[in-house]
Amino acid sequence: MAEAAPAPTSEWDSECLTSLQPLPLPTPPAANEAHLQTAAISLWTVVAAVQAIERKVEIHSRRLLHLEGRTGTAEKKLASCEKTVTELGNQLEGKWAVLGTLLQEYGLLQRRLENLENLLRNRNFWILRLPPGIKGDIPKVPVAFDDVSIYFSTPEWEKLEEWQKELYKNIMKGNYESLISMDYAINQPDVLSQIQPEGEHNTEDQAGPEESEIPTDPSEEPGISTSDILSWIKQEEEPQVGAPPESKESDVYKSTYADEELVIKAEGLARSSLCPEVPVPFSSPPAAAKDAFSDVAFKSQQSTSMTPFGRPATDLPEASEGQVTFTQLGSYPLPPPVGEQVFSCHHCGKNLSQDMLLTHQCSHATEHPLPCAQCPKHFTPQADLSSTSQDHASETPPTCPHCARTFTHPSRLTYHLRVHNSTERPFPCPDCPKRFADQARLTSHRRAHASERPFRCAQCGRSFSLKISLLLHQRGHAQERPFSCPQCGIDFNGHSALIRHQMIHTGERPYPCTDCSKSFMRKEHLLNHRRLHTGERPFSCPHCGKSFIRKHHLMKHQRIHTGERPYPCSYCGRSFRYKQTLKDHLRSGHNGGCGGDSDPSGQPPNPPGPLITGLETSGLGVNTEGLETNQWYGEGSGGGVL
């Protein structure tokens with residue numbers, strides 16, 4: 001029994017040992033291998049798709065760059081077209097203005113021509129016959145009121161008979177009425193005011209064509225009428241003068257009186273009569289007229305005493321019996337002989353053809369060489385400017401209701417009001433929201449966007465976008481300051497600078513801030529102040545990204561990055577970034593000589609080393625020598641530190 005028991009134990013042990021042996025690993029199935037192959041194929045498909053997409057993106061990028069280039073070219077062409085349209089518009093405006101002026105002058109000439117035709121029909125004016133012009137053109141010879149007037153001295157006037165005095169009065173009155181009939185607002189000549197009887201009006205109604213003859217007192221000899229005088233003048237001249245046949249058409253005779261150009265129709269005359277030294281021969285008039293003019297009238301040609309009409313008797317050359325001379329025509333250039341195609345303007349001396357001379361001389365009709373200093377009007381040399389100045393002195397100067405500025409003329413106030421009223425600025429800038437009152441200001445403003453500076457200073461090379469800026473700059477080179485303050489005597493190179501300076505004396509601050517109670521003298525100061533309320537800082541540093549309110553603050557800040565030191569000390573040679581720092585240095589270190597803080601050798605210090613790239617400049621001006629810091633990047637105007 002004892003031997004039989006161990007046998008089952010050994011069997012159990014062998015079974016346990018066999019159960020404890022490790023099981024064999026399972027072999028991978030074929031399905032897993034197929035899955036791996038499929039995943040690899042899918043990965044290569046995705047890579048190929050990504051590469052195809054990248055190629056498409058690259059193609060689209062190239063097309064986009066090409067389109068951007070074409071867009072830039074189109075924008076340049078569009079800008080060029082806009083510039084051309086603007087230039088054409090300006091030229092068209094100028095042409096329209098010239099056309100309007102020509103139409104006005106044409107209407108004025110038409111009215112004068114109608115008046116002259118009425119004048120000739122009334123026969124109440126002395127008419128000088130002029131030769132026909134080349135190609136039938138109209139000649140012009142200037143003649144004033146005095147050219148057809150005769151003045152007597154006091155002894156000569158007393159020797160005249162009553163009928164001779166009456167004849168003289170009627171002739172002078174006829175000349176004056178002729179000027180009045182041509183719409184000339186002229187004062188009555190002194191000769192008429194003194195010879196006119198008391199109780200008689202200065203001007204009388206003009207006689208009609210039937211009543212145009214000059215009445216004379218009865219005397220032993222028959223009276224002389226205007227028709228008789230015209231009959232003498234209209235007679236044909238002697239053939240020995242060699243004049244060409246007279247033109248049947250009337251010629252225009254251009255004269256001046258009180259600086260107003262006057263067109264008078266006249267009939268043809270021999271060319272020799274235009275010479276200031278050769279008298280004009282006429283056929284002998286009747287005996288009464290012969291005695292009146294040869295014995296009395298032409299005696300005054302040698303008299304130099306004052307006439308009873310307040311005028312000196314001019315020296316006239318002697319004329320033989322039956323001849324009349326017009327010496328005052330000698331002060332004007334005469335038309336050239338027949339055959340010459342060039343004519344000279346007696347106003348400016350230009351040489352023009354005869355058909356162009358008429359149009360050219362119309363431009364002189366509006367010339368007024370004497371401008372009024374207080375208003376845009378111009379006056380002729382004969383006009384009395386003293387009365388106009390007195391009128392300005394008694395007037396209240398026009399004042400702007402918005403800024404209280406005063407102006408010398410209402411038209412300038414009207415133009416100034418456009419500054420306050422933005423709706424009256426019809427010219428907007430296409431590059432910014434600004435608007436302007438006229439095209440010239442818009443053109444000047446657009447040069448700032450285009451960085452165009454066409455006006456260059458010949459002395460220093462600086463360029464300017466405005467011509468007035470160049471002129472003011474050149475006054476600085478010439479030390480010219482023509483505008484002086486009457487209160488403190490300080491001189492300025494421009495009128496606008498003087499006006500801004502005078503606001504200091506008057507306390508005027510026409511630009512108030514709507515957000516606070518502050519007011520400013522200049523508009524740009526108000527704009528800079530408004531940025532404090534809005535938080536706007538439009539000027540950014542390209543190196544560190546710091547933003548500033550004003551442009552000159554940015555320029556000062558950039559000296560830190562560039563190492564620029566534009567303010568050298570004349571004593572020790574040290575240079576400073578800011579002008580205020582140089583002033584502080586001069587006050588502290590130089591009292592008649594170089595201070596202890598300067599280089600004893602008197603040589604300028606070594607140039608600054610490389611800039612510190614990691615310098616923190618947010619809000620503070622850093623002193624690299626450890627002296628102090630100063631907040632100047634904001635609104636303050638103090639200088640920075642070395």
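Even glycines carry a Cβ here, placed using N, Cα and C.
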Range among 13-34, 101-122, 343-364 that Swiss-Prot annotates as zinc finger: 343-364
Annotated zinc finger segment (source Swiss-Prot; candidates 41-63, 455-477): 455-477
Record-annotated SUMO2 cross-link (source Swiss-Prot) among candidates Lys95, Lys265: Lys265
DSSP helix/strand/coil residue counts for the zinc finger (427-449): 11 helix, 4 strand, 8 coil
Counts by DSSP class (helix H/G/I, strand E/B, coil) across the zinc finger (483-505): 11 helix, 4 strand, 8 coil
Positions whose Cβ lies under 8 angstroms from the zinc finger (455-477), at least six residues beyond its ends: 444, 447-448, 493-494
